[in-house]
Structures are given as C-alpha cells and as structure tokens.
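Per Swiss-Prot, these features apply:
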type: ACT_SITE; residues: 14; note: active site
type: BINDING; residues: 98, 99, 100, 101, 102, 103, 104, 105, 106, 107, 108; note: ATP binding site
type: ACT_SITE; residues: 140; note: active site
C-alpha cells in the first residue's frame, strides 16, 4: 500500500460575538445574523492518503460512529459533489476543542477535512467555491471553510469579511450538554425581529445571543454564578460555553483564579484569520 507523507492541519474554534435567530425556513434551518471570530484553541488533524479505498478515522477521545461523524460525512459529500471516487485516507484527530460547547469543534473538523481533500484532489478549487458544499453539512461549517472573521446571514453561509479587534477571551464551560434542537423549540427563545446592519461596530447594547434566555431559564443556579463573576460573560452558539472578552490579559487571569466551581476554563486569544 503506497502512502504519501502524512500532512498536518489545524482546526480552530470559533465564538459568536452575537447570535440573532430570525425565522424558520421551509428546509428546517433558521435564518440568522451573527458575527464569527476565531480562537487560538485548535484541534490537530493528520491526513494520510493512500490507495486502500478505505476511510479510517481515529481520535484521542471517543467519537461518533463513522456514519454519524461529520468528518466522514464531509468526505462522502466531497465525493458526491466533485465525483472523486476511491478515496483512501487515514485521519487522526487530536481533540482539544471541547465538544457540545458552541465552539464549533465538529464543524471545524468537517471544514478542515474538505480543505485537505481539496488540497490533495482538486487544488484548483478555492475555499469560497466550497462554501455551498460546506453549508450542506451544517450551518457552522461555511465559516471554517471561509477562514476569516465574518458577519454571517442566511443559515450562516452568506458571509461578509468583518475583522474584530483582537482580544483575550476567558472561556468557561460547565459540565452541561446542550440539545440544540431543544433550545430551538423552547418557549423561552425570543427570536430577533429586526435585522441589524453589518456595517455596525461591536455594540453589546443591541447585539446579544438569543439562546442565552433559554439557558438562563433552564440553568438558573449556574446563570446566577456567572453573573456574579462578571455580567459581561456571553454564550457562544447554543452553549454551554461562555466567554468574557478583554484586552487586559491580567484581568482575565485574576478572574479565572476566583472561579471556585468545577468548571473547565481556557484563556485564549481571538484570531481574524486561520488560513
């Protein structure tokens, strides 16, 4: 079996600086507005292409069965869309991005897989040309293929490059698994009714995460603890990870030391570009 040299890729996390849910579409997705930026928290994926015609995925943590795995689904979508047959590849995933956190780890891995496949099989394709394919895998996958901080509309596939002033971010995550489907149908979800202009700067008075009310209603004790730590903590995606932004790294380090509950926490930096 002839193997090429293994190639390493990094797969970055994202946060939603705000997330407004507008309405449900006929295809089951929701129209939204959000502003994505990236974090220097990343997974590592190693791709070894070969002539085995087999797809093997391994990881340092327990992952979904192949047919339910977004990386596997990305490979199959790539095959179908670009008529690339007989793909043989071994993929080793080293996870650092927590799962079920709203940081987009699974979507990021899927996007990285599309990029690795493109690099090997169809190097003439641009990242932008793969965005419609990425959208078929999930609403968060396009931003990771795009690779730049962006304002997003539609289901997340209409992207406008929009830098965010670099900051430090303190991430905290309780041991809570969020059901995205449950949050979307919750009576506590108050959808945004007014479109806001993508030309606005970051304005927390009108930019919020519509899912925070759902989380606060479901987990009032943690929500109260969070507000006592700092009222500017925000949720990314549908949670359960919250973040606090600051240009002052020392401030965030001091706050992290005050946390006296068993929460996962990270101190990271925001990134405008990941490619």
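Counting starts with 1 at the first residue shown.
Positions of Cβ are set from backbone N, Cα and C atoms, glycine also.
Projection of Swiss-Prot feature records onto the structure.
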residue	record	CB count, 10 Å
14	active site	28
98	ATP binding site	18
100	ATP binding site	18
102	ATP binding site	27
104	ATP binding site	28
106	ATP binding site	23
108	ATP binding site	27
140	active site	26
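The ATP site is defined by 98, 99, 100, 101, 102, 103, 104, 105, 106, 107, 108, and by the 8 Å test on Cβ atoms against their centroid, the other residues of the chain that qualify are 13, 97, 237.
Separation of the C-alpha atoms of residue 106 (ATP binding site) and residue 140 (active site): 9 Å, rounded to the nearest whole number. Calculated from their C-alpha atoms, the gap between residue 98 (ATP binding site) and residue 14 (active site) amounts to 12 Å.
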